[in-house]
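*Asks:* What follows is a structure written as structure tokens; I'll ask about it next.
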């Protein structure tokens, strides 16, 4: 099987699995963070888990750019910048900012996420820096309104995501433990603005690249984060009797 055939098989399989995962996650909550449980087998340090989960996105996508001839046209560098803006932070900065304490992560979760981010980095990177061809490179695509619209949406989502993470990271004072109700920013309207922002990011990336792998990743992000936001929202309402009743789970005013 040649690589283009393998790639087509992989991308359509990726979409089918996303369609299966989406309803399943309404009944199964991944056991990390506030939903931690010991029933999923051996665990590793939470920070190490985050590093292992997210680093393939940085490394595999960069490898695709490198093996694709290190294209330096403006559009290719724009795609590389947007992707790495999110994932360098997520893989190498965020894990060391979180107040993890004694929390641990099931190895099964870290391994599944490692597999996903490796495949996702390959699918997007190989398309953009290999299979897409000249129509995604050079000044022509840089001047296309889809590029600017998608990049603007991505950056707006990134800003929402970063603000939400900053609020969460500063909820507790030094020495404090336990959970609190986050307030401010998009937390005025939803329980999970960090997830809301991340979904916006990858919808923007799909528009910016105008590619099937970009769409597949956006759909995977929704399939994963929408059910988890619902679980977070229920957890908040059960744990805090005074939780703001007007907040939605994920989308302001809608969900």
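Each Cβ is built from the backbone N, Cα and C atoms, and glycine gets one as well.
Feature table excerpt (TrEMBL):
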type	residues	note
TRANSMEM	6-28	transmembrane segment
TRANSMEM	48-68	transmembrane segment
DOMAIN	104-255	domain '3-oxo-5-alpha-steroid 4-dehydrogenase C-terminal'
TRANSMEM	105-123	transmembrane segment
TRANSMEM	202-226	transmembrane segment
*Asks:* Summarise the model's confidence over the domain '3-oxo-5-alpha-steroid 4-dehydrogenase C-terminal' (104-255) as a mean pLDDT value.
*Replies:* 92
*Asks:* By a Cβ-Cβ criterion of under 8 Å, what residues six or more beyond either terminus of the transmembrane segment (202-226) are in contact with it?
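*Replies:* For the transmembrane segment (202-226), the sequence-distant neighbours (Cβ-Cβ under 8 Å, at least 6 residues beyond its ends) are 11, 14-15, 18-19, 21-22, 25, 78-79, 82-83, 116, 120, 123-124, 127-128, 132, 136, 146-147, 149-157, 192, 195, 250, 255.
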